[in-house]
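To start, the structure under review is shown below, and the notes come after it.
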Amino acid sequence: MKTDKNMVPEYPSFEHSKYTTHRNPSHHTEVMERRRHYSDSHMSRPSRARKWGSITSASSVKSERNKVRRHHSQYSRTSSISSRRSSIRREAVLADRRGTANIRRMSTQTIASRGNWGSKWEFLLSCIGLSVGIGNVWRFPYLAYENGGGAFLIPYLLMLVFAGKPMYFMELAFGQFAGVGPLAIWSCVPIAKGVGFAMVTVSLIIVIYYNVIMSYTIFYMASTFQYEVPWSRCDPLWANNTNCHVRSENVTLMLNNSKTSSQVYWEHYVLQLTEGIENPGGIKWDLSLCLLFSWIIIVFCLLKGIKTSGKVVYFAATFPYIILLILLITGLLQEGALDGVLYFITPTWQKLLDIKVWQAAASQMFFSLSVSMGALIMYSSYNDFRNNIFRDAMVVSVMDTVTSLISGTVIFSVLGAMAHDLGNGTRVEDVVASGPGLAFVAYPEALTRLPVPQLWSVLFFLMLYILGLDSEFALLENVLTSISDEIPILRNHKIKFCIITGIICFFLGLPCVTKGGQYILEIMDKYGGGTAVILIAIVESIAINWIYGQKPGIYWRITWRYTSPAILTFIFIYSLIEHEPLKYGDYNYPYWAEGIGWLLALLSMAQIPIWAVVMILRQKGPGLKNKIKQSMTPTEDWGPAEEISKDDWKNGMNRMKTIEKGASPEKLDQNAASDNTDVTQYI
């Protein structure tokens with residue numbers, strides 16, 4: 001019996017479905033297939049017969065079902081073709097914009113394949129891991145000790161309130177709003193695109209030498225598995241002709257230019273340090289193997305980007321706190337520990353009148369939070385557009401400060417106990433070393449005085465490695481994400497791209513594991529990852545708050561527009577005025593080595609003016625003044641990465657502009673409904 005065609009159910013087209021999305025047409029097919037399959041499988045044969053008409057044979061039922069499938073397939077093909085045509089039109093428009101200020105060139109399909117955090121906890125823990133690094137353990141305690149103890153906390157907390165937290169929140173909000181990395185994000189202010197390139201360059205430099213420091217912790221962990229930790233004695237294998245002494249045996253030898261066993265072990269066995277950078281020596285193969293092992297771990301954890309690193313941080317961001325608490329309790333139970341803690345927190349008030357203390361506090365706050373390296377923008381770009389980023393920014397900045405205070409207490413409690421055990425009037429400052437020496441000289445020596453020093457040494461260096469691992473994840477992923485945003489095809493080869501980048505960074509880090517590599521590392525740390533970052537932060541703050549423009553609350557308006565740039569400018573200018581030639585211990589670097597350091601800094605800083613000129617020249621229009629104005633105006637492509645969020649944002653901007661003009665409610669509704677208005681002129 002023939003079937004009445006009018007009885008065939010009409011499924012709504014994809015264009016009118018509530019599941020409509022132009023970014024994933026296959027999703028519609030799946031939804032409609034589920035609907036049809038559910039309908040057929042949950043109806044009895046008589047019911048299906050009533051639905052399709054007076055069908056009496058099984059073959060007729062099958063025939064009519066095939067008709068419905070062909071009917072549905074027609075809609076699927078139509079939607080898919082429509083989506084592809086939309087994508088082609090978008091690519092054509094973006095192709096026409098090339099050479100102009102429109103610097104974000106991604107289709108909706110590439111945005112969809114970018115990925116997101118698996119949960120809010122992954123983002124929060126990743127940010128904590130980035131901000132809380134090795135510097136919190138050795139740099140903050142020493143700076144506090146050197147700059148007035150408890151008095152150092154006053155300028156530090158003030159800098160945190162007026163510069164640290166505002167900059168941290170600004171970068172997280174900036175990245176979450178745009179949904180892209182630090183290279184593509186500057187379509188809001190094209191003239192500042194060089195800031196993004198400078199951020200990526202700095203991240204790459206830090207990634208290379210930071211992993212070398214992490215390889216030291218692996219070396220120490222491996223050397224701990226002995227009957228006696230090696231730095232607790234003067235082994236003739238590496239201590240001959242070094243005036244080595246074990247501090248507990250003869251404290252008076254410290255007056256005769258002798259060195260402790262832990263210091264000799266660090267310089268003559270771990271580093272095999274040469275006389276200077278002029279004599280780099282050969283590669284230390286044990287350190288190079290540790291460096292290779294560290295790179296294998298990092299690359300393995302980043303093979304699929306945040307999808308893998310986001311899972312690793314559940315352990316990597318929480319485990320160091322467990323070790324810190326264990327070391328804190330153990331340290332405080334030692335006799336003499338209270339003397340060390342009091343030395344750490346007792347204020348020296350006259351230090352507040354020293355401008356260097358304020359400069360040191362601002363620098364520590366700034367580098368501890370990892371601001372202006374691009375990693376914060378990159379991490380937040382994977383967030384949901386409506387995530388409560390303010391809450392996350394406040395939590396992470398507070399956790400960073402608390403961790404620094406806990407680390408200082410842990411370090412100085414053990415050093416106080418060590419000074420007490422040495423007796424003979426030994427003071428805490430006699431067992432303190434600056435810089436990496438605190439982590440690899442003084443504290444390892446202090447651990448030898450605890451019960452089962454092998455256990456505590458392994459825990460301590462494992463904690464240091466994991467603290468560095470989180471930061472390394474963020475900085476390397478920042479490089480990968482930023483380049484992938486500019487060259488979207490690389491997202492299809494994420495694993496290969498990650499492995500190749502890791503191999504290149506490993507070979508670039510080999511000069512740092514030569515016998516003179518410590519001198520090279522010091523240059524990279526001071527110039528490559530220090531001076532340049534401050535200038536980047538200044539330009540970033542000016543570009544976002546003065547050129548692009550923001551209208552936040554009064555506190556954020558003051559801190560973003562005034563206090564943060566002022567503090568950062570003060571740090572930068574003061575560091576240039578008070579610049580001293582680089583030294584490592586008693587060794588003075590030659591002038592040509594200083595020149596290499598400044599060239600390394602310029603490698604990042606020069607990106608800002610170079611790309612400013614490039615973006616100005618790329619603008620279309622008559623006259624230099626007009627081109628400069630265009631390069632300081634957001635492009636048509638600027639806005640949230642998600643198309644729905646971008647449409648909502650643009651409509652909101654239209655409504656705000658209409659309200660400012662005093663239009664009637666009818667006019668307001670008309671503007672809100674219009675999708676042809678160029679709103680970039682209102683941003």
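Keep in mind that glycine also has a Cβ here, set from the backbone N, Cα and C atoms.
Any TrEMBL annotation is an automated prediction that lacks curation.
Ranges compared are 141-162, 361-382, and TrEMBL records transmembrane segment for 361-382. Per-stretch counts of Cβ pairs under 8 Å to the transmembrane segment (455-476) identify 361-382 as the leading one among 361-382, 394-419, 597-617. Within the same chain, the transmembrane segment (285-303) packs against the transmembrane segment (497-521): three or more Cβ pairs sit under 8 Å, each pair at least 6 residues apart.
Remark: the transmembrane segment (394-419) contacts the transmembrane segment (312-333), by the rule of 3 or more CB pairs under 8 A. By the Cβ criterion (distance under 8 Å, sequence gap of 6 or more), the transmembrane segment (361-382) is counted as touching the transmembrane segment (195-222), at least 3 such pairs being found. Across the candidate stretches 195-222, 560-577, 597-617, the maximum count of CB pairs under 8 A to the transmembrane segment (497-521) is reached by 195-222.
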